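As recorded in Swiss-Prot, the features of this protein are as follows:
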type: BINDING; residues: 21, 22, 81, 290, 361, 368, 369; note: N(1)-(5-phospho-beta-D-ribosyl)glycinamide binding site
type: BINDING; residues: 113, 154, 194, 195, 196, 197, 202; note: ATP binding site
type: BINDING; residues: 271, 283; note: Mg(2+) binding site
type: DOMAIN; residues: 118-312; note: domain 'ATP-grasp'
């Protein structure tokens, strides 16, 4: 493979659809590889725009906007970083010869909970929670009765964790349904009603596909990451997981099956729920995963580098754990503060093995993820203790 110089003829170029913290890390890895980076998002000054060669502020639900930028830039790889993308535009672009990573149909399937559940439970026959689909209040009531209380209502499409509503009794169903769809992407009123299970722990199995030297596509999994989401969104993760080897092998088998069926190139973040003796498929992201931020500290090759390498046709034959590690988010507690400031960074960094990554988001809202603390240790328990302490010290003002 030949890689040219950025901003010159013959450069290799990636186009990021979404410029959040995951996109920023991909952009940094791409810059290190000598690639040209173009970043898109719906708002200006998004994190990946800080480290891109060019940026565009567009509505990515508008197919004409996406196609216009792609036609102008003609990237070697189009990488979807967020959920709010017009996937029909990606399918059209792919049919016209552009490489969409991992592939356009996978992006479309993974961003729709209903289609994803059909794919996993009905096509692949993977173990999942009990579920039903509904698109109005009466159907939701019937679904909740069939599934049993307590149960969860989730929008067909939403960003991670948003719109997940726990329902304990029939009297609360209508309000819960309205709350859930208020977080939906687009105009869909469809939801998935799921059995509520006691979660002992959750795993993310990072599974990636790349071109080998023989041009065949190889699928590999990384040692599972463990995490817990107290309010349906990522707070902390640690690597490696503490679950048994048998649970890890089952989880990796599920993830491998999902990635091979979805196909394409790049990394998938496959989410697994462990509930008693049940090991259940939950969701899959067609990109680096937020819980995988821990690989910036734990692994010799992090998830972002893997994804970019695969996107442009480079191999990643092996990923090694170099240290037990943990990550913990830094959340904003303020609303609508532009140009926020971070206090006590020096105190957090006094803890040995701690790194602080600030994402550079231009404005806060309550519980917005503004940064992450990473730490290594002799064990994941030691690393977790460090990141919890360090993240509690840092204030967003």
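Indices start at 1 and increase along the chain as displayed.
Here the Cβ of each residue, glycine as well, is placed from N, Cα and C on the backbone.
Distance between Cα atoms for residue 113 (ATP binding site) and residue 283 (Mg(2+) binding site): 8 Å, as a whole number. Each of the binding-site residues 22, 197 was scored by the number of other CB atoms within 10 A of its CB, and the lowest score belongs to 197. Annotation for residue 196 (ATP binding site): same-chain Cβ neighbours under 8 Å, separated by at least 6 residues, are 129, 150, 151, 152, 166. Within the model, the domain 'ATP-grasp' (118-312) shows a mean pLDDT value of 95, rounded to a whole number. Residues 113, 154, 194, 195, 196, 197, 202 are recorded as binding ATP; their most distant pair of Cα atoms lies 18 Å apart. Around residue 361 (N(1)-(5-phospho-beta-D-ribosyl)glycinamide binding site), the C-beta neighbours below 8 angstroms that are at least 6 residues distant in the chain are 21, 46, 47, 340, 368, 370.
Residue 21 (N(1)-(5-phospho-beta-D-ribosyl)glycinamide binding site) falls within a helix when secondary structure is assigned with DSSP. All protein chains shown were included, and the count of other CB atoms within 10 Å of the CB of residue 154 (ATP binding site) stands at 25.
Under a cutoff of 8 A between CB atoms, and with a sequence separation of 6+ in the same chain, the neighbours of residue 283 (Mg(2+) binding site) are 110, 113, 116, 271.
Taking Cβ-Cβ distances under 8 Å and a sequence gap of 6 or more within the same chain, the neighbours of residue 81 (N(1)-(5-phospho-beta-D-ribosyl)glycinamide binding site) are 16, 17, 18, 19, 20, 22, 23, 26, 48, 287. Annotation for residue 194 (ATP binding site): same-chain Cβ neighbours under 8 Å, separated by at least 6 residues, are 129, 130, 131, 147, 151, 152, 153, 154. Taking every protein chain shown into account, 195, 271, 290 are the binding-site residues, and of these the Cβ with the most other Cβ atoms within 10 Å belongs to 290. Residue 283 (Mg(2+) binding site) falls within a strand when secondary structure is assigned with DSSP. Sequence-distant neighbours of residue 369 (N(1)-(5-phospho-beta-D-ribosyl)glycinamide binding site) (same chain, six or more apart, CB under 8 Å from its CB) are 21, 234, 290, 329, 330, 331, 359, listed in sequence order.
Annotation note: residue 195 (ATP binding site) sits in a strand segment as assigned by DSSP.
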